[in-house]
């Protein structure tokens, strides 16, 4: 579908532009302003140039050491949860019942963790994991496994990771399920005639059909886990020691805890820049996939083709025009 | 052919994994505090409603729910009403800087809330909105408006362009076309977008907590008060937690048939 060039469309976009600019650009300017200054309280500010940025990227200083350590922990955390949640999400999506009331029931239960306020997610796992009153902690200790997420680094890490898997695997599963639903029945029939194995069907039909939604899932999960704050803050408070202090927790500690505005602002900018770069990669890959898909759809409109590796053109418009339009 | 061997077992195990911690929370909320601390019981032996009663009778507790719902609803209305025309523009027209604008919007969805907490505090204090539902509703627009635009754009693109043209030929003005024809056509899309705005505004705490102090404090922030000199009031905390899950569960029920497609941002 070709779009027409129409500069007046700006009027339609203007409200969004104003609302988001008010919430995004003004605060960001404040951050940039603070990041160049130092303060000794009383609203007196001193020019500090790029001093904070130098300190931030130098691991030998206190600020730099803390930032780089939390960044490392955060990257490791993101990789671990991706490695667990993506395969698990695919398996769960493939295990969805096909029809009947169980489909709706499963969907509702799957979506449930996603709609719980993040600090309540933390509270749930706090209550569930405590060795004295929690089912999980009590059972593990009764089985002879020593488990206490408050005092043991590894236990704290395991708790935070299991909590994230509990909270977000459903998102990956629901996305994959949406991808699987769009596969036409004919593909499976063709595979059956060819005598394809279960694994071949997965590799040649289901995985290629899911790759777009999987891309969305991986990038959303990467970015959201990279910004994680509330859940680990409630459960472990960043401890024991600093072992589960992620970048956002460190940032809030500096900004609202110590009120060290300059340092916090510099950290914010670098943090934002990292997110922005990842976001740009996401956007580019997404739009390229869209363009490719369109080109492919135009190239071979009616030609017969094998399902293998094929990215399908978009399914029929979801909303059929209703009668009585004109 | 569609699904894998042992799928019922896998699904059942996963659902149990999801429900077990929630069950434990519900279980705790019906126990007395002495039962929670003294013994490990799998279900409440002396079930009590005292924690719920306290929440529903103490104004400082239940006002938190009202505050939360207030800014969530405000935010959903603002987000959808500004996002609708923009989604139409992005779907139908090319204009100067459209791709950059779209990327800029998307990048705001991804910006960490922790970065904005402090500047928001300054900004909303300066314009006198601090500690009102409006502050939180506007602050949450930063991630909900881009999301709404994104979802709605997918749905608007699903409406054939011929419909626009026919309507204009029939003499519909643009606003009339928009309200009478387009909006009813993408009603389910608006529902999905509203669901997501509701969801992300409901679960967010960092900004909501930073921008309120007394008058507009959300329930999620009030929950931290259960830590007192006498130790944690676990039962009360659990009851408050259970009550925060209910609105979400209700909303899911209404959009259950669109959840999967909505999570793919209308692009499957």
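A Cβ is built for glycine as well, from the same backbone N, Cα and C atoms used for every other residue.
Checking TrEMBL for transmembrane segment across the ranges A:264-285, A:286-307 points to A:264-285. Note on the transmembrane segment (A:12-36): residues 47-50, 52-53, 261-262, 264-266, 268-269, 272 of its chain, located 6 or more positions outside it, place their CB under 8 angstroms from a CB of the stretch.
Sequence-distant contacts of the transmembrane segment (A:264-285) (same chain, at least 6 residues past either end, Cβ-Cβ under 8 Å): 28, 30-35, 52-53, 55-57, 63, 67, 215, 219, 222-223, 226-227, 247, 250-251, 254-255. With a cut-off of 8 Å between Cβ atoms, the residues of this chain six or more beyond the transmembrane segment (A:156-180) that come close are 77, 80-81, 84-86, 88-90, 92-94, 96, 107, 110-114, 116, 121-122, 125, 129, 149-150, 206, 209-210, 212-214, 216-217, 220-221, 224-225, 228, 231-232, 235-236, 239-240, 243-244.
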